[in-house]
Amino acid sequence: MSHALKQVFNKDKTFRPKRKFEPGTQRFELHKKAQASLNAGLDLKVAVQLPPGEEQNDWVAVHVVDFFNRINLIYGTISESCTEQSCPVMSGGPKYEYRWQDEHRYRKPTALSAPQYMNLLMDWIEVQINNEDIFPTNVGTPFPKNFLPVVKKILSRLFRVFVHVYIHHFDRITQMGSEAHVNTCYKHFYYFVKEFNLIDTKELEPLVRALGHILQ
């Protein structure tokens, strides 16, 4: 992690407190295994693969929480420059606009500023990953039938954070010397969702051309 990102993390500029895994649980051990693979410098395409003998849903759940924490941190680094004035529309350039929809206040897709969208997005994801009915933490408790649909929605929405940051705020990331960290996080995310077919290919299009070179 770059010095700039460490500074941001120490200042607690992330949107939300990090969701952590309880020591001694299966998820905690899986999380350690995933981190060890990354720290060992394994090819990211290999690092995302399901370890032998592990359940896919457990592996996916661990990564969803980890990506939420890391992308939350990345957005925290540029949040001061992502304002109602600079980003009145949540978008990824002129071709892509993202509208918010939920089951409560915004029942129809609604155009919002990027900061508004990000706040609603992080709130919504936090509710999902803290819901024991969707992300059970007790060993032996089965995952619900809607687990993967919820995961796909979480990841496709997290991907939009990458799109907005890369298209509209990458100069800020570069100024902070965090480019390598963000690129690695994006590559890890991309290879993971491709490995388990968790985001529709069309959803990934906004960054395919722009960042194709870092996926080589």
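Backbone N, Cα and C atoms are what each Cβ position is placed from, and that goes for glycine too.
Keep in mind that TrEMBL annotations are predicted by a computer and have not been checked by a curator.
Going by TrEMBL, these are the annotated features:
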{"type": "BINDING", "residues": "Cys82, Cys87, His164, His169", "note": "Zn(2+) binding site"}
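Its Cβ placed at the centre, Cys82 (Zn(2+) binding site) has 20 other Cβ atoms within 10 Å. Of the listed binding-site residues, namely His164, His169, the sparsest CB environment within 10 A is found at His169. Apart from Cys82, Cys87, His164, His169, the residues listed for Zn(2+), the same chain places the Cβ atoms of Ile78, Ser81, Ser86, Ala114, Pro115, Val165, His168 within 8 Å of the centroid of those Cβ atoms.
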